[in-house]
Amino acid sequence: MGLTQMESEENLLNVFLLLLFGSLFTMVGPSAPEEGWQVYSSAQDSEGRCVCTVVAPQQTVCSRDARTKQLRQLLEKVQNMSQSIEVLDQRTQRDLQFVEKMEEQVKGLENKFKQVEDGHESNIARQYKSIKVKMEELRPLIPVLEAYKADALLVRQFKEEVANVTELLGSLQEQMGGLDYQELHGRVMNLEDRLRACMQRLACGKLTGISEPITIKSSGSRFGSWMTDPLAPTGDNRVWYMDGYHNNRFVREYQSMYDFMTTDNFTSHRLPHPWSGTGQVVYNGSIYFNKFQSHTVIKFDFSTSLISRSRQLDFAGYNNMYHYSWGGHSDIDLMVDEGGLWAVYATNQNAGNIVLSQLNPNTLQIIRSWTTNHPKRSAGEAFMICGTLYVTNGYSGGTKVYYAYSTNSSTYEYIDIPLTNKYSHLSMLDYNPRDRALYAWNNGHQVLYNVTLYHIIQ
């Protein structure tokens, strides 16, 4: 139970950091440096500190008035960042207390185990073996706790750096020209090179664990899909619900997760075509789905109630030709991760094995495809995280994630990550990069799983 809570807290913190920095990046994203001062987000310096990155405008003889206005705007943005960091710091400190307590418990258990190990001859063999197994299960938690403590330190240091930038900009606003421009320009440009490394640290990782399921609601038939939009703006927490796997056109829209859990108040959207399978996904205000009895992918815009794009996936099997092992017209599975929109399917050309294609979300054109050696019909379900496809060994009984294909290296590996299949029939399993969670439809139950991602810092 302690491990699950720790994983949940870590996921929530990671999601909060990702949303915070992602929203800042979107709000004041990079433009040409000569257009004005821009706040990017954060970067990691040589000592591991997260600091604010700005890009200064090119200096001109007559730009003082314009720069003064831009500095004032920048100061307001940095002050907004300071408020967000203050909230984040309070949350981090609270979570850090829990982590430190967990660390003490793990290390205490390790010490006790060493004592038992030293005198194991006087202990019952079965008890000794049981303790040893439990200790081995907890041992990998120690470096995770250490990494979390390091991340908490980065947040505090980032808070200090933002405060320093705020003070510097305030002084510069009052005394324009009081600081050597070239020196300031050199300092802030040096930070830009470290921006992406710090952002990537907060964004992606390798799947190492899946929490116990959280049942959100029990509704609908045995098969279906439900989701939230990973690119929805802040405050937009709508839930989308689709019951069944074929010959249905109606999508339910709930205003919030709370409404979805506690009420039956929803808005109904009628699609122009019925969908096939449970591989639909809502992404940036549109729903992407496989048209029934075809290999056509359709993008339907909820704001206009019109099809904005449709395209055939050439050679993709459909109509239960290459479905997941549970059937249900699940030939084409659409999904999203930190890298964008993906399609998972199979073709005769690849002998019925899984083909993974990254799609342009605007045109639905294939950006790039990867062919794997995993039979589509042998897969229970699949989902994408950080450019890696994860496949389960089945949909009922003892389920686990056992196959991973990395698009970054075009290699695969067999893994062993347990997935608690509480209601014994998974018909939908998708990752949401904003929530850092897996959404599942399990035998008429809508379920969430938190995930643990291992970050490797180069």
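The backbone N, Cα and C atoms fix where each Cβ goes, glycine too.
All annotation found in TrEMBL is predicted automatically rather than curated by experts.
In TrEMBL, the feature coiled coil is placed on 155-201, out of the ranges 155-201, 202-248, 390-436. In the three-state DSSP scheme, C386 (disulfide bond) falls into the coil class.
Confidence over the domain 'Olfactomedin-like' (203-455), given as mean pLDDT on the 0 to 100 scale, stands at 96.
Of all the Cβ atoms in the protein chains shown, 19 others lie within 10 Å of the Cβ of C386 (disulfide bond). Around the Cβ of C204 (disulfide bond), the number of neighbouring Cβ atoms within 10 Å comes to 20.
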